[in-house]
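What follows is one structure encoded as structure tokens, with my remarks underneath.
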4 protein chains.
Amino acid sequence: LLSLYPESAGIVTSDGESSQAFKVHKGMGLINHVFNADSLKKLYVSNLGIGHTRYSTSGISELQNCQPFVVETLHGKIAVAHNGELTNAVRLRRKLMRHGVGLSTSSDSELITQLLAFTPPLENDDTADWVARIKNLMNETPTSYSLLIMHKDIIYAVRDPYGNRPLCIGRLIPVGDMNGKGKDNSETEGWVVSSESCSFLSIGAEYYREVLPGEIVKISRYEVQTLDVVPRPEGDPSAFCIFEYVYFARPDSIFEGQMVYSVRRRCGQQLAIEAPVEADLVSTVPESATPAALGYAQKCGLPYVEVLCKNRYVGRTFIQPNMRLRQLGVAKKFGVLSDNFKGKRVVIIDDSIVRGNTISPIIKLLRESGAKEVHIRVASPPIRFPCYMGINIPTKEELIANRPEFHDLANYIGADSVVYLSVEGLVSSVQESIKARQESENSLKTQKSRAGKIGHCTACLTGEYPVELEW
Amino acid sequence: LLSLYPESAGIVTSDGESSQAFKVHKGMGLINHVFNADSLKKLYVSNLGIGHTRYSTSGISELQNCQPFVVETLHGKIAVAHNGELTNAVRLRRKLMRHGVGLSTSSDSELITQLLAFTPPLENDDTADWVARIKNLMNETPTSYSLLIMHKDIIYAVRDPYGNRPLCIGRLIPVGDMNGKGKDNSETEGWVVSSESCSFLSIGAEYYREVLPGEIVKISRYEVQTLDVVPRPEGDPSAFCIFEYVYFARPDSIFEGQMVYSVRRRCGQQLAIEAPVEADLVSTVPESATPAALGYAQKCGLPYVEVLCKNRYVGRTFIQPNMRLRQLGVAKKFGVLSDNFKGKRVVIIDDSIVRGNTISPIIKLLRESGAKEVHIRVASPPIRFPCYMGINIPTKEELIANRPEFHDLANYIGADSVVYLSVEGLVSSVQESIKARQESENSLKTQKSRAGKIGHCTACLTGEYPVELEW
Amino acid sequence: LLSLYPESAGIVTSDGESSQAFKVHKGMGLINHVFNADSLKKLYVSNLGIGHTRYSTSGISELQNCQPFVVETLHGKIAVAHNGELTNAVRLRRKLMRHGVGLSTSSDSELITQLLAFTPPLENDDTADWVARIKNLMNETPTSYSLLIMHKDIIYAVRDPYGNRPLCIGRLIPVGDMNGKGKDNSETEGWVVSSESCSFLSIGAEYYREVLPGEIVKISRYEVQTLDVVPRPEGDPSAFCIFEYVYFARPDSIFEGQMVYSVRRRCGQQLAIEAPVEADLVSTVPESATPAALGYAQKCGLPYVEVLCKNRYVGRTFIQPNMRLRQLGVAKKFGVLSDNFKGKRVVIIDDSIVRGNTISPIIKLLRESGAKEVHIRVASPPIRFPCYMGINIPTKEELIANRPEFHDLANYIGADSVVYLSVEGLVSSVQESIKARQESENSLKTQKSRAGKIGHCTACLTGEYPVELEW
Amino acid sequence: LLSLYPESAGIVTSDGESSQAFKVHKGMGLINHVFNADSLKKLYVSNLGIGHTRYSTSGISELQNCQPFVVETLHGKIAVAHNGELTNAVRLRRKLMRHGVGLSTSSDSELITQLLAFTPPLENDDTADWVARIKNLMNETPTSYSLLIMHKDIIYAVRDPYGNRPLCIGRLIPVGDMNGKGKDNSETEGWVVSSESCSFLSIGAEYYREVLPGEIVKISRYEVQTLDVVPRPEGDPSAFCIFEYVYFARPDSIFEGQMVYSVRRRCGQQLAIEAPVEADLVSTVPESATPAALGYAQKCGLPYVEVLCKNRYVGRTFIQPNMRLRQLGVAKKFGVLSDNFKGKRVVIIDDSIVRGNTISPIIKLLRESGAKEVHIRVASPPIRFPCYMGINIPTKEELIANRPEFHDLANYIGADSVVYLSVEGLVSSVQESIKARQESENSLKTQKSRAGKIGHCTACLTGEYPVELEW
């Protein structure tokens, strides 16, 4: 769907004692290119550090924009990693510059870092009250940000009051002997914080809990402690990005107590209810639409069959200028398992259609290889609006749902039929089990009350932004 | 299973007129690293060329071993691309050296090239009879090789009499306008030859036919012509590498008239007959075992469910020295979809087990994430013997089937049970549809008689090599 | 002597209209590695730009420290390139941080840039008075800095009141036709500013004049205009770095109206007066000591003869752990022209001796190749003190003049004798023609009076720093 | 003058025991790029090895052409390094190909290697008589080649009967302790062979002797032994390349008993006799013409003064399309020491003029910087003819001596006068001390008689080639 190649990465570590002794390594490109044995060795000064991987978003791709940002303040160095995009960045930049701060990048992350350094009152400011500074920052800007702020031996994990971007905590499990046996699992070896829980297993950690919307969590070697929860304006529901479920997150990630894979399968099931079709088999555009396809197939009672196999070693596919080249590109990316569908009526589940440039040659390929009918079912609603909260969505003009072709989409992409999941269907697929759990679990009451009313940001689908946008 | 990363690549093109004017570009590494716009532009002198991609096999990894090999002979330059490994290479090398030829590499491909240059009679040899030279070569060495030999404007495609390595021909389809419309599809734009048919679609070609065992095909701009078919010794069956079906080939490739995917699904079905198990769901180690898993699930009547999702951007996984690191490595490569199998009895279909180093931590991961039972079914027989015909198989000592742990394999890898497909089961899965077709299709009679008795090389599974090995 | 390999480079260009539209390209390494055709094309938006090359100095070698620094201020972006080191940097950093500015690097150049952004009064500051800001900066810090500050279509060139670091202006000569003919040479095509005049010829410019100590020069497309000259404290002489003459500058550079080569030759002549020796020939350690050697030879009346030839393609020489490896390293760097000095008494002129690790194996090599006597004459006084004004001098302990071996230096390095130039001899060699010119040229009176009393910084030789150092 | 950048390098080492165990490392580019600590470690299997550095010559620049060549023969592997170019290569290639050997490169070095492998009689050839094979090779081709041939624990050093290319032997001096003291210098640690003696000092060796024209030397761990001296045809003088003296060799190299520097200085002296000029000072185009300039200045009694200083860090200079860019390029490469020659009449000694593209802008630069007159004296005769013996000389059309401009060269390059050294002057400068030595030293008689009549190849100057050229 969207370009998701990491374009920069950085790690800052602290020795936990001196407020000056940060080790920093950042670079452009894939993580494996940025870090090697040497740079990792250089960084290894303690068990304390924060990192950041940047994907294509609105910031200009330059090394200078690489996170984490490190600045020296009157109270020592702080390092800040930020995920999100401030809806009032322009006003805040002007405010800082009026105060005499020169800003060296266009990134919101530098802005946040300087706001933390700057936050008044600064006269007679001989102690650094970082929590006050963080709350000050949160009062200046409502959304969207998940933050990690490191100072000496403390990491502060912060989620904006709307909870727009994810952030969760994992617990490092004791290793025991080299075969994983021994040691008591109930002990805690340390803590990790991440946007996505899926990364925990691979570093020997287990999912502990989410940082709540508005919550400021203090993480030290042995302790995870809630310092405060900054509330939203009265009546505003939370606004976790629904697009994380639909597209960005890995299927094995957990948000709001549910596995992304399960949400996607429910979307497929819901789609089967909303848009059934008489066909012989259900298949997927591998791999991201597979959970929805399995859900659709199961709900319909049709067999799930593979019609395309993904080719290894295919590099990034670029937008090709004509149908012929697009078709060759698709045939390079996917192998066609023609014996599996020759003479059959095929339902293809895709997770989204942005420009139609991929699905269209796939349909042509399937027909030429013998498919009798090709029906497209999209397991998410059409994207129509820009995101100002950190997701790099194509321009309004590029989105197929805003183009004239959309009125006769099946014909345009060459399908026998095409139906999208409704917004309501998506929201209910996402919220169904959250609501069920809220009702059944009394024990969650406290947290629920602190987290406030549950909602989701559907701005890219509906144009309803969780806060008023400032320019 | 085996290391399959391309380690070198090369292309040689001919302007089709001068016998001296080859353009050569070769390099180590992935194709995308070896070739760029500049090198491709340099190579583009005509529509005639041969290329080669080398994966890890027995030859020493040095640029000098990169194919295609080009040598100047009395009759102009020839370029040779070779897939396979000669079973009597040592004797042939000695023969050439005794004749006074210095060999600059350890590769069979140089050996073949020099044999073509050398083949007597050379006195009064003023015309180059390349077919005679190729037949001479084929008489010197029975297997295994698929060859492309380019001279001026002709490419000779050759498969050894046993047909051990694959080779097939594709037909370039006329393009028409840029959206693929127009032009008459019955015309032929040109010909392409490849080890695997799966590559044809992505270059705008369609599958035409296989080169038969022993066949010498002459390919020119407008024509594909059989020059001769060199027979095997009386009574010897053909010996196409069964491992191509099991592991090497892409699932959308076609060998001997059948799609590899279909063979793999039949292996899964056969495995379900040979080794059923009482369980709640069937799953796969993505992605290569998925066709077998779907076949197994269907035959058993159990639901097919995903338990692991493959993580993008994971580099090569190296052999880790202990269980703990192996488990972290597996958790980095695969996400665990725990909600899909918590409390369930799981059957995992794998395509093969070489060392047990991957399946073992997967099983542990599934158990720790809530699987009640984990049964392993392997959709191929255990590998026990070395291959001397071009496949880079681990040493006999490394193969798990030759180790003491094999006697209690389920316990060793931590599974509730583990069963392999039988050799007979594999052979019947492979030959079932070939035989059916042979019987039903009278039109194939001629070809069949020329191709001789159908067999497959199962040497790595049974130790029965198709020809006697020479040292 | 000292490590002089460029370690980073950067260029910022302005389109001269928008205060936002800077193009920036920076990188680590040699200029040729940092810039290529693509990056230069990207930068080419107008004829306006500033650049910076960084050699090893006290700042940490990281991309973040690369100059020019660009920050956005309330009045648009400024880009700043800086040569030098602030003697009161620690106090100024603290002042800025107390004001709430987070500093992201340890470099004085960021400090200067933020001071320019910050300089109060900022309330109701709706117009940007950059000259006031620059003067404010100059009042905050006395030395050492030469600055280029770019804002929209203006570049400000600034030298600190002591004139410690060089800065001079060149005039672009009209090109005429492609063979340099045509066009009137009296026109001016534009202006260039550089630390060293030697670079002008190679870009088609000619030397125009130096920026004076304390001078603020405004450079626009058609005009070079002095805005102000900030004076030194009453009675303080100027303090141009004498080391530029001795070692750093290229021999064809012009400082204070004299060619560096001429100063070096005068040093050789002065050395011949101070430390003559009975010998057969005078030679040099090529290439930096050659002017002094020719001066020495001429003054003594001895023949100038080459005894060593420099080997091309020798990479950086590293400090070798023992005499044997040092000698092999020297023999790799220099060829020995033994026939030129066999049986002769040789005087070798070197420009300086830092550790003695180079001259010592050279002497050994000359003796082994037949030199009867080897006398060393050093065309500068011994370095004894650290520099806090931008020159990266080895630690006090490493400097040979501070080590016990210095008391018996000839013996330590294996020479028959060794004598250094006196500080007075160096100062008089440097100032001789400046004073002569000041006396003779009445036309210079104005400038002279504005520049104040002429002096030179000899801190690394004498420990007398031009200003009090702050910590 | 000519492009002299190394374009490939290679080393082959032998463990001295097995005839199979060569270690090979080759690559394109500068030696420092080709070899690093890892590759050198890999190569270090014994004290036995041969290497090769290739500069731009007639062979196509591809890795495949990199030397040393290694081939496996019936009697084990041999590695061959070759300097030179065979005058009858075309006939020899055809001969080998007729025998059935495919040649994979266009290089003479592969040809030589295959000729050594091939040399009959091969029937019943159970012992490898390498000397017979080498002599056979020498009978097949008269010139030009210097060879190193390694087999097991022996290296054969061979120079062609005309001695066209250099080859000399050095003796490794015992190291003693790490400061070079101790051990008896009369022992021998081992032997090294090189084209140029200048490399010996830097690896701890001393010059031992030249390999004579036609000589086959066997070098083992402890011994240097002449196996045979293959004579030239009756009456042919030797033909060492005179261009090595003029341009290629390093000034500290020794050929035929004399230092190259001394020959060049004599050329300058001879030039002063042949072409004196009334002037104020003599200077050089640094650095290669400096010995000739010092010789010229001394002979004339004029002062030697530097007018240009070479700029460090200037990359390769490319041929620029117009005078303006050439002049900027020259001004980038050289600094102009204008104070040294303002108002003076300057004689510039250059070592050669190939196209006039460098000297012409230098003259313009000197004039613009104040030179009153600029006279050019070239310390070698004009090159007029191609070299077929290994030197990469520009095409006849590019050589200035073959162009119409040559008739009015002073005017073309903008000089007040220009004079070349005569061929006779060059030959006498080269042979003067050789002849003197031959006459005085009776002890050399034996060697002299074996080496035959002394001559030099002046083909590029006179068109008189030492042997008839075959096509």
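Even glycines carry a Cβ here, placed using N, Cα and C.
TrEMBL labels come from automatic prediction, so no person has curated them.
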Legend entry - Of the candidates A:Ser288, A:Ser338, A:Ser369, the one that TrEMBL places in the Mg(2+) site of A:Asp350, A:Asp351: A:Ser288
Legend entry - Of the candidates A:Cys241, A:Cys267, A:Cys300, A:Cys309, the one that TrEMBL places in the [4Fe-4S] cluster site of A:Cys387, A:Cys457, A:Cys460: A:Cys241
Legend entry - Spatial neighbours of A:Cys241 ([4Fe-4S] cluster binding site) that are distant in sequence (at least 6 apart) but have CB under 8 A: A:Ser144, A:Asn164, A:Arg165, A:Pro166, A:Phe248, A:Met389, A:Gly390, A:Ile391, A:His456, A:Cys457
Legend entry - Length of the line joining the Cα atoms of A:Cys460 ([4Fe-4S] cluster binding site) and A:Asp351 (Mg(2+) binding site), in Å: 15
Legend entry - Mean predicted confidence [pLDDT] for the domain 'Glutamine amidotransferase type-2' (A:1-222): 80
Inset, instruction - Let me know the most crowded of the binding-site residues, choosing from A:Cys387, A:Cys457, A:Cys460 and counting other Cβ atoms within 10 Å. - result: A:Cys457
Inset, instruction - State the Cα to Cα distance, in Å, between A:Ser288 (Mg(2+) binding site) and A:Cys387 ([4Fe-4S] cluster binding site), rounded to an integer. - result: 22
Inset, instruction - Sorry to bug you, but what's the C-alpha spacing from A:Asp350 (Mg(2+) binding site) to A:Cys387 ([4Fe-4S] cluster binding site), rounded to the closest Å? - result: 22
Legend entry - Neighbours of A:Cys241, A:Cys387, A:Cys457, A:Cys460 excl. site residues, C-beta within 8 Å of centre, [4Fe-4S] cluster: A:Asn164, A:Ile242, A:Phe243, A:Met389, A:Ile391, A:Thr458, A:Ala459
Legend entry - Secondary structure of A:Cys457 ([4Fe-4S] cluster binding site) (DSSP, helix/strand/coil): strand
Inset, instruction - Specify the count of other C-beta atoms within 10 Å of the C-beta of A:Ser288 (Mg(2+) binding site). - result: 20
Legend entry - Neighbour tally for A:Asp350 (Mg(2+) binding site), based on other Cβ positions within 10 Å of its Cβ: 22
